[in-house]
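Novice: Here it is, the structure in full.
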């Protein structure tokens, strides 16, 4: 894959609306996902249903892929065309570890913006630090 990308293969080429990054995250291939991101893949490119690589990684329980995507700037609250977010789908299909990972982001966002009230509510509700 690295050689193909070095030779000019399109990193965000789509087949049926899914990019190579989308497929790598669907299958849990973290090293391939990292390579694609390093070569410029769009971390938030959605398929025809509006689902992003993060959505698919969470749906399939690939927490390491989800962590990589979030570290690379994936929009954790981006909803698909049905209004479902990665956190929603992780909970809906029983991917508890993916849901735990995503549940940390609201607390981080509140801390980043200095929103003490939101932080208090989240912590009182059981958010992990």
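In case you wondered, yes, glycine gets a Cβ from its N, Cα and C as well.
Per TrEMBL, the feature repeat 'ANK' maps to 16-48, 49-81, 102-129.
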Novice: Sort out the residues at least 6 away from either end of the repeat 'ANK' (49-81), same chain, that have Cβ-Cβ distances under 8 Å to it, and list them.
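Specialist: Beyond its ends, the repeat 'ANK' (49-81) has Cβ neighbours at 17, 19, 21-22, 24-30, 33-34, 37, 43, 87-90, 93, 95, 97-99, 101-102, 105.
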Novice: Tally the residues of the repeat 'ANK' (49-81) by DSSP class, grouping H, G and I as helix, E and B as strand, and everything else as coil.
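Specialist: Per-class counts: 16 helix, 0 strand, 17 coil.
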